[in-house]
Amino acid sequence: MSSSSNTSPRLDYPSAPMQVWDVVKPWIDTPMILGEGPYYEPATHSIRWTDIMGKKIYWVDLDKGPDSLRSVDVEDAVGVTADIHGDDENIIVAAKYGYAIMNKKNGKLKYVKKTWIDEGEVKSEREGPDFKASMRFNDGAVDVRGRFWAGSMTDNSKYAVENEGAVFLLDPASAGDNNPYVLSSVISPVMIPNGIGWSPTKKGVLYITDSSTRTIWEFDYEEDKGVVSNRRPWFVLEGSIVIPTASSEEFFTFDSSMVPDGFQFDVHGHLWTAIWGAGMVLKIEDRGQQRVVTGVGFTTQSGKSTAAPPSEKPSIPLSNTALATRHLVLPKTKSQFIIHNLTAMSPPPQRTWQEIAHAAQEHRAATLSKVDPALPSLPAEQDLPSNVTHIPAQVLTADEIEITSQPAEALLAALATGSLNSVTVTRAFLRRAGVAQGLTNCLTELLPERALQRAEYLDEYLAKHKRVVGPFHGLPISVKEHIGMRGLGLNGGFISQWENVSEEDAHALQILDKAGAVFYARTTQPQTIMHLETRSNFFGNTVNPYNRVLTAGGSSGGEGALIAVRGSCLGIGSDIGGSVRSPAGNCGIYSLRPTSARLPVRGWLSTPAGTDSITPVIGPMSASVEGINLFMEVLIDAKPWLTEPSLLPIPWQKELTKQPWMQKLKIAVLWDDEVVRPHPPVTRALKEVVAKLEAVPGVEVVDWKPYKHDEAWSIAASLYFADGGKAEADLVEPSGEPWLPLSRHIIHDNEYCKRLSIEELWFWQHKRETYREEYAKVWNETATDLSGEGIVDVILSPVGPGAAPVLETAKWWGYTSQWNVVDYPAIVFPVTKCDAKVDIKDPSYVPRNEKDKQNWDIYNSATYQGVPVSLQMICRRYEDEKLVGILAHMQKTIGLPFVPFP
């Protein structure tokens, strides 16, 4: 994720010294075909390396220099070598068919562990002698426990390279007497595994290069077990870099033929990687969210550039560097070897992620302490009841409860006439929001000083001018934290972004400010802002006020919980897959996911900025449907498209919100998306609404058959992370904060989360557009004649496959993300509450797939007693007003919701 209003500065070190080495001939001149795996041999003070395709091992004595070069022929291709403790005559190698002991004098191999099929431990889908013959080892390393890691790939001397390789681990230490070596496949599949290594300064991490994706991957690494997990991209070779020369700087752009190859770490933890096809070595410094890259280039004889262009590749590709020895295999040209020395420019000490999280919690506590009168005491967290919705009435004054229990439209009417003043209303919401924080963990901070100063100004304005500033005069509005507010932090749930500060209010807030709004509370979001729950390493879980073992939803869960406890009557969330609808559904409030390009989005922290394959939107979250109507009207009436040109100039059509829709209305019911079956309370809510609607004259109810909703999920899940999750990883990992389970679920465990080439991106975007056309055709076919008469007006659907899920279990996005894919507006509203005696689980139901089973297994009617059950209505693109109007009229006609809500 990156900020749409902040960019990483280029780091320049004009005073840093350079080392310039003039090289007039290659240090070593050999007819190698594919050099690989340099290894420093301390016993002889030599470097050895392999020529994979030439089937040779080379040595050179560093004291004697190039004239000491010697080699030995080997019978099979060898990718990488390692020493054997206490054995000066032999080495262990990763050879053509597996791991072997090799005699250093004659090159004879004795296999000790063959890969793929011979040992029966590591298999492939394409087994057999032909498959085994098509593979070879490429590169590897030995860890501190003496385990030999090596990457296997297609033997490209004879076969086309396919994504069928693996990284193997040979572990002598864990073997028994009858099995001298234990072999396992640690990572698969992988196409071209290259460098493998560990940083001396960042413990518990393993790095592996996959040249085919131009990526150096980072893994969590359990040293005692040799186990890796949580793959994420650490560095991707793309774009341009500045290469320093002795007199100036030059730009060099990497094309697709240039790939990272082997690497080594220096003592400072900087990674040096050779770039195959560029005649270049890069030094990569890990500066938190940034990678500071310095080029080490080789001039051509013409002296036109500091790195050989593709047409002038070195005759000996720079495969794997041995920089610890300060020697490199150089191209056969007069070259200038330049190092930009950054070793003296060490980064400042970095706080641990736990220290930053503690600072965030302390900051929040400090803002809560400024509320006046002081917030009331609450029971300790462990002593709170499951349902805490009744507690505000027990600890706040009657006036505060009366004010904060009113919806936005009622408060605005009172504020406009002066029967309520903004200071009184703001103070009441500050106190109720503070109580809501203690009950649900929903806030990142309160803004009492700023809010009360603003409220006082508005009251004075009304008294002086006898008119309101604008349609939201004096109304307190809460805001999800990743929507920027001038001078305040903007972290988006990422620890690494704690010190990021927004330079201006988001565009939507600028409009609301001019309309008279008072911003008083900022609310929680999850790590990555891509959960249907709200948990971060800053603050932990935001919980559901109706049952604290359940989630408030996400990613706008802070808004959902705050409004449910009536610590707010109107708030702003965001939605790319259900993030305003999931919390509204879980917490029994109202929300709208508008059609894209209707509301302004400039000034938030997005993931990443600039992508619109699945377009994120902001959306209102409210204690009433009229609050949603007012929010949309105010923002769109301001003509935001004049300053944010990506928006469409479509006015808010007020007449559609007031039209008597119930006189003639056709509603289609989506009972089940045929991927994950809804829980009993959801199905009951649908049945109750349908029964009421069928009794209304002029209303027709039909069934809606889901059209390839599983395919829609594959499209969404592919386009959410077209960079393979790199943007998220770049913000999660620099601080050292752990990946949370639902972050792993949507990124690391997501089968569709892959770094897409431009052609693959085009494919998925075309697939999205084709699916949208097909879905429109399905909708059009509901008409009863060619004129469009009798076409379905809205779809009535679950918000999710259940009421609020148990914490850490909200994994199926399909009921909400479906409408993001087709870009249809969707509105959520409360209907009823779970009844443990009625909503009984069907014990005979056999889940249709693993997603369905996971969802079905978590349902327990007793857990859900009294929890809100909400539904969702969907219209076609740019029919947002129609959607709001239908819900408003439906409420009046059939008496929604059917049970009381706060």
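Any Cβ shown, glycine's included, is placed from N, Cα and C.
Quick look at what TrEMBL lists:
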- ASP261: active site, proton donor/acceptor (ACT_SITE)
- GLU36, ASN194, ASP261: divalent metal cation binding site (BINDING)
- ARG136, ASN138: substrate binding site (BINDING)
- 425-883: domain 'Amidase' (DOMAIN)
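Positions of the features from TrEMBL, shown on the structure.
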residue	record	CB count, 10 Å
GLU36	divalent metal cation binding site	25
ARG136	substrate binding site	24
ASN138	substrate binding site	34
ASN194	divalent metal cation binding site	29
ASP261	active site, proton donor/acceptor	25
Rounded to the nearest Å - Cα separation of ARG136 (substrate binding site) and ASP261 (active site, proton donor/acceptor): 16
Integer Cα-Cα distance in angstrom, ASP261 (active site, proton donor/acceptor) to ASN194 (divalent metal cation binding site): 6
Integer Cα-Cα distance in angstrom, GLU36 (divalent metal cation binding site) to ASN138 (substrate binding site): 7
Between ASN194 (divalent metal cation binding site) and ASN138 (substrate binding site), the C-alpha gap once rounded to whole angstrom: 7
Reported mean pLDDT - the domain 'Amidase' (425-883): 96
